Amino acid sequence: MPTNFTVVPVEARADGGGDDAAERTEAPGPPEGPELDSPSPAGDGNPRENIPFVNSVEVEKEVFFEGKNMALFEEEMDSNPMVSSLLNKLANYTNLSQGVVEHEEAEDSRRREAQTPRMGTFIGVYLPCLQNILGVILFLRLTWIVGAAGVLESFLIVAMCCSCTLLTAISMSAIATNGVVPAGGSYYMISRALGPEFGGAVGLCFYLGTTFAGAMYILGTIEIFLTYISPSAAIFQAEGAAGEAAAMLNNMRVYGTCTLALMAVVVFVGVKYVNKLALVFLACVVLSILAIYAGVIKTAFDPPDIPVCLLGNRTLSRRSFDVCAKLHADSNGSATTTLWGLFCNGSQPSATCDEYFAQNNVTEIQGIPGVASGVFLENLWSAYAHKGSYVEKQGMPTASVLEESRASGLPYVLTDITTYFTLLVGIYFPSVTGIMAGSNRSGDLKDAQKSIPTGTILAIVTTSFIYLSCVVLFGACIEGVVLRDKFGEALQGNLVIGMLAWPSPWVIVIGSFFSTCGAGLQSLTGAPRLLQAIARDGIIPFLQVFGHGKANGEPTWALLLTALICEMGVLIASLDSVAPILSMFFLMCYLFVNLACAVQTLLRTPNWRPRFKYYHWTLSFLGMSLCLALMFICSWYYALIAMLIAGCIYKYIEFRGAEKEWGDGIRGLSLNAARYALLRVEHGPPHTKNWRPQVLVLLNLDAEQRVKHPRLLSFTSQLKAGKGLTIVGSVLEGTYLDKHLEAQQAEENIRSLMGAEKTKGFCQLVVSSNLRDGTSHLVQSAGLGGMKHNTVLMAWPASWKQVDNPFSWRNFIDTVRDTTAAQQALLVAKNVDLFPQNQERFGGGSIDVWWIVHDGGMLMLLPFLLRQHKVGGRGGGSIDVWWIVHDGGTLMLLPFLLRQHKVGGSRLVPVESSLGDAAQSSWQSNLPTRMSERAEFLNVGQDRKAGGDREAQLIHDRNTASHSAVAARTRAPSSPDKVQMTWTREKLIAEKYKNKDTSMSGFKDLFSLKPDQSNVRRMHTAVKLNEVVLSKSQDAQLVLLNMPGPPRSRQGDENYMEFLEVLTEGLNRVLLVRGGGREVITIYS
């Protein structure tokens, strides 16, 4: 794929078209008056030719728009600009970062006024990254890590952490070279490339990591001050050796809180001074590292004299004694030393002493023997220890003491925490963070796409070399017991790495103090601005209050929140406990960056075009895997908490819907996954075990494009315990060119109703010349691939009896036929407006299932799905299954099915009824003639103006009378009130020939309405079945019935509608169910 291309403008005319274009650029705007007819000064001097496709008279009358002389495209230029205009805008492209708008505008105006040159790679990226990566862990913990883990494992820890940041920097370089780098720091660069969801999650993880880093730097500052600079400044004094740790923690909390408050005030008042002091802090770091290397070189030929006192193989603290001996010579011979008094109950030689002290000798060794001493081999392996263990020199002879009781107050050097490999990884990792410091200045860089990759990777390589070389040099120069002495107690309370440095230990102490103090100030400066940028992006609504600040854009509220979160880290008061916390957040941030880059490359996202030539998706994948591994290596429970926080942030942004859409490439992951799943689903129909209702909901719209029956969507959401597909479809009558705006409005109305009813699915609206064709198109083509509907849900056409609406029932029956032909199940909800909403509950009633025939088991599956929803009761109420006709053994499945679904209160009730006995008599039986009377009633209504009143009087609609009769029988079964309608052959012949002389059409209508024997049986069955259903299920919350298929001949369509009307008469909520021709339940697991 070529990445370099050249845009060549096409000259309008070879004889001066370029000059004409130049003149148009210099003097834009339409000429007025007679200038329109005057020849152009540029070109050949001839007037402009008339446009061949446009009337020249109209052109002369209209205002002439420069640049729009291409008549074929004139109408499109209002919305689609010309390529020349587009390239002109791209050439003048500027991108102010969202977030601190006022601050960025002030900075831009200041830069324009001063016209200072922008920073290059060294000053703008390399040095800031160097300053942020090298910090407190190098000075306070690296020697201890080498002593505990050994040179080999320490080298592995450093190599893993540095590799993680290097791979992340390569991914960042790919992001930086993917397009124009926004002038807003690493958050803007990442969020605009990854999208609002990932951008928000990465941004907040980065913010929390930076905030806890500030707490870590403050704790490091206080530890240096109280331990190595002024131990006497401690407020809380330890009463004994056991209380030293608690007193130190309390001192750290008090001094840390005061330091945090002071730093917050400095950042609030004069942040510009913090930025100006950054060079001073960087100089402290560089000088300290140079002093370390100078001290290492000096040990090769002149090792320093730093004695360490050992009792047996145990290291002794030199804070409380000077002479490393039990006895010393004086004028009277020999006398006991201060050390003797610490281990014995008196200063006399005959005093009782500690058993271990009595049996072991006191020796003195050099703490820093130098590079040539060979101590490197002793420090090669790990020496992990439990909390409270003695710091012992390996290989030193000692006399062991059985059942020793450790008396408090003895001057031993003890380990303060239990050490193990994973703990050291978590403590060390913060020392390699800070790789995004250079990208934070992207707006000040001369060439961000070149400087960010080069400077960041060069800084990581430099710091990695420094860390790895320090691991090796510390192990080669310093004695193992001194390395494991975290606070330098064996060195009279001096900093271990300071004793190695040259020319003085104070170079390291003062340098590390100011560098950690400056790092804390920079964290408190950068974290609030990062939070303000996230808040002003609007992707997390509850953070928007932190987007406000002072008039110059300083983030006041964000600084307050940052100080509060930082105070939480300060109150922990332990550098070793805070470091793993911020490690988690930084690792989570780096993981998201690597994941996003790898996914976008694998998905071949069109907008993902990194130009960094050393980038490959495998590096991002390796970096992501390494970040995830390091998270669980450091602390598995911290890792789970950090992942939970990041996941909640991601889902919250996704749930609320980000106000900003930056066109992220991660959305391609969903598209590829959907495509893969659709192709997998395409292979054959699903097994019966996997069958679930994929529902197409057919909605009717009113004149204002609003849904007529919103309860249909409520019922759909209640039915979707099966978690299948839902497609909400509707049809607009007309042509798409005329109705596209109304179609958009209707679709918006349907989507809003779906959101209100919590219906998860898709909306598909069709504009068709008639409703019949549009509905057929939906039934045939809704869905995609294997994700097609297998069930159609629609409302019963309540207005089918109206004379002025003859097409509603025809469309309904045609839809039934379409679903049958497509082998799709059909659900028809009658009286759907009486169905419960999602907020309502069934009042303890039952769901009655009338299983007349077996057509796949839909009647048994639907009650189970409805009961999974809170409206259906979730275990309350009962499901009553009634059957009349034996269906060849399928009823044996019912008890097992109900037990498997654990439906409480369900029962099977056979209904003894002979529905077919009376139907055997053809013409003398009780024959309800509603289907014939209904058709005749419609014909009479059309001929009423012609004087056909006699037919209307002869044949009347008895639906109301029949319904009242059934209701009366239900209320008082002892005194039934039956409406009997008896036809005889003579009466039929008389009615048939009564109107023979009026008109031929009337004769044909009556003749066509002859109730043949099949219609007689059907209607008789409908009446009898309706009576039985009413007597058993009138109080049911929902009645499910088998829905018979329409007649094969269209001449009986109206009789079919009347049959269904009679079948469901008197019932409040009815769901007619027709199977799709396949089994949907199985007895097998």
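A Cβ is built for glycine as well, from the same backbone N, Cα and C atoms used for every other residue.
Among the features that TrEMBL reports, region 'Disordered' is placed at 1-51 (among others).
Under the heading compositional bias 'Basic and acidic residues', TrEMBL lists 12-26.
Here TrEMBL flags 119-142 (among others) as transmembrane segment.
Residues or ranges marked as domain 'Amino acid permease/ SLC12A' in TrEMBL: 125-298 (among others).
Distant neighbours of the transmembrane segment (154-177): 145-146, 186, 189-190, 193, 421, 424-425, 428-429, 431-433, 435-436, 439, 442, 448-449, 452-453, 456-457, 460-461, 463-464, 467-468, 471-472, 475, 587, 590, 593-594, 597-598, 610-612, 614-615, 619-620, 622-623, 626-627, 630; these residues of the same chain sit at least 6 beyond its ends, with a Cβ under 8 Å from one of its Cβ atoms. Taken from TrEMBL, the feature transmembrane segment covers 154-177 (among others).
Residues of the same chain lying 6 or more positions beyond the ends of the transmembrane segment (198-219) and with a Cβ under 8 Å from any Cβ of it are 135-136, 186-187, 190-192, 252, 256, 259-260, 263, 430, 433, 436, 516-517, 519-520, 523-524, 526-527, 530-531, 533-534, 537, 539-540, 562, 565-570, 572-575, 578-579, 581-582, 585-586, 588-589, 592-593, 596, 642, 645-647, 649-650, 653, 658, 662, 664, 666. TrEMBL lists 198-219 (among others) with the feature transmembrane segment.
Residues of the same chain lying 6 or more positions beyond the ends of the transmembrane segment (254-271) and with a Cβ under 8 Å from any Cβ of it are 215, 218-219, 221-222, 225-226, 235-236, 520-521, 524-525, 528, 554, 556, 559, 563, 566-567, 570-571, 573. Taken from TrEMBL, the feature transmembrane segment covers 254-271 (among others).
Residues 127-128, 130-131, 134-135, 138-139, 304, 371, 466, 470, 473, 477, 497, 500-503, 507-508, 510-512, 514-515, 517-519, 522 of the same chain lie 6+ residues outside the transmembrane segment (278-297) yet bring a C-beta within less than 8 angstroms of a C-beta in it. The feature transmembrane segment is assigned by TrEMBL to 278-297 (among others).
For the transmembrane segment (417-437), the list of distant contacts is 128-129, 131-138, 141-142, 145, 148-149, 153-154, 157-158, 160-162, 164-165, 168-169, 172, 185-186, 206, 209, 213, 216, 382, 384-387, 456, 459-460, 463-464, 467, 575-576, 579-580, 582-583, 586-587, 630, 633-635, 638: same-chain residues at least six beyond its ends, Cβ to Cβ under 8 Å. The annotation transmembrane segment is assigned in TrEMBL to 417-437 (among others).
The domain 'Amino acid permease/ SLC12A' annotation in TrEMBL covers 418-696 (among others).
TrEMBL lists 457-483 (among others) with the feature transmembrane segment.
Under 8 Å from some Cβ of the transmembrane segment (495-521) lie the Cβ atoms of residues 131-132, 134-136, 138-140, 142-144, 213-214, 217-218, 220-221, 224-225, 227-229, 259, 263, 266-267, 274, 277-278, 280-281, 284-285, 287-288, 291-292, 294-299, 304, 306, 367-368, 474, 477-478, 482-483, 485, 488, all in the same chain and six or more residues away from its ends. The transmembrane segment annotation in TrEMBL covers 495-521 (among others).
Taken from TrEMBL, the feature transmembrane segment covers 557-575 (among others).
Sequence-distant contacts of the transmembrane segment (581-603), counting only residues of its own chain at least 6 positions beyond either end whose CB sits under 8 Å from a CB of the stretch, comprise 164-165, 167-168, 171-172, 174-175, 190, 193-194, 198, 201-202, 205-206, 208-209, 212-213, 215-216, 426, 429-430, 433, 569, 610, 615-617, 620-621, 623-624, 627-628, 630-631, 634-635, 638-639, 641-643, 646, 665-666, 668-669, 671-672. The feature transmembrane segment is assigned by TrEMBL to 581-603 (among others).
What TrEMBL lists as transmembrane segment is 615-639 (among others). With a threshold of 8 Å between CB atoms, the same-chain residues lying at least 6 positions outside the transmembrane segment (615-639) that come near it are 160-161, 163-164, 167-168, 170-171, 173-174, 177, 421-423, 425-426, 429, 580-581, 583-584, 587-588, 590-591, 594-595, 597-598, 601-602.
For the domain 'SLC12A transporter C-terminal' (710-827), the DSSP counts in helix, strand and coil order read 58 helix, 25 strand, 35 coil. Sequence annotations record features per position, and here TrEMBL assigns domain 'SLC12A transporter C-terminal' to 710-827 (among others).
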